[in-house]
Amino acid sequence: TKFILLGITDSPSAQSPLFVFFLLIYIVTLVGNVGIITLVRVSPSLHTPMYFFLTHLAFIDICYSTVISPRMLADLLSVDKTISFSECIMQFLMFAFFATLEGHLLAMMAYDRHVAICHPFLYVTIISSRVCWQLVASSYLFAFFSAIIYTWCVFGGSFCGFNRIDHFFCDVVPVLKLVCSDTHSNEMVIFAFVAINVVGTNVVILLSYISILCTVLRTCSTQSRARAFHTCASHLMAVAIYFGSAFFMYLQPPSSHRSLDKVASIFYAVVTPMLNPFIYSLRNKEVKAALVKCGRRL
């Protein structure tokens, strides 16, 4: 009927400093992503498909972080770290949904950059407002379907032994370790869906950037090359941070999981949502220009 989350650390002296540290990260995550959404909404110059996708990414990062961080912060200061079976299922379902959705959004943003650089004259036709909504809606549906499959595979077995989860939230690997029944087929299904989502979105990103690279290298203007590379640099940085930690965590055999899993989980579940607004704003001239205009209005 319930689980006990062992958390990030069992050292009492480290819990208070970690609480302050992760609370600051969570506040910065909320302020940064809400700021991106607000800035795009109030700045007509940012009403383009690229920033439409960016607002959805910011919204997902807010939800994604909120699924994990408040519970983690409460457990750092609490003696009672129990979580009910139903709460654990809901936390994992929402986490899997938003994590999958973020990967699809990053793939869409790569495709958007591909069309903008490789087919600039057809950009408005190909990436229309209707197409943007269709892409986002299909991603939400597929991410929800994947999350249901993941949740059923993780929590569909028999729990009859230990109820201590050696993690700070209900994640795939630590929960599956507590299942008494055979989990081999469930693990294979999870691995297959993770591979479809992670590898599939990475193939889209890779092909998009190969096409962008070929197009940019054919252009004669050095200034055009620099502008194109600068436009793509922010997105590539976000992709590398997010998918790098996801590959490390989920695309390895269960026997290979070690204590570094918690570090990887902190990175993609807590730190990445905080970094995305800075990656897209500090390296983006359009966002900085819109921010200056809003500052002048205020």
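Cβ atoms are placed via backbone N, Cα and C, with glycine included.
Per TrEMBL, the features are as follows:
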TRANSMEM  18-39  transmembrane segment
DOMAIN    32-280  domain 'G-protein coupled receptors family 1 profile'
TRANSMEM  51-69  transmembrane segment
TRANSMEM  89-111  transmembrane segment
TRANSMEM  131-152  transmembrane segment
TRANSMEM  188-216  transmembrane segment
TRANSMEM  228-251  transmembrane segment
TRANSMEM  263-282  transmembrane segment
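Pairs of Cβ atoms less than 8 Å apart link the transmembrane segment (51-69) most often to 89-111, out of 18-39, 89-111, 188-216, 263-282. Averaged over the domain 'G-protein coupled receptors family 1 profile' (32-280), the predicted model reaches a pLDDT of 85.
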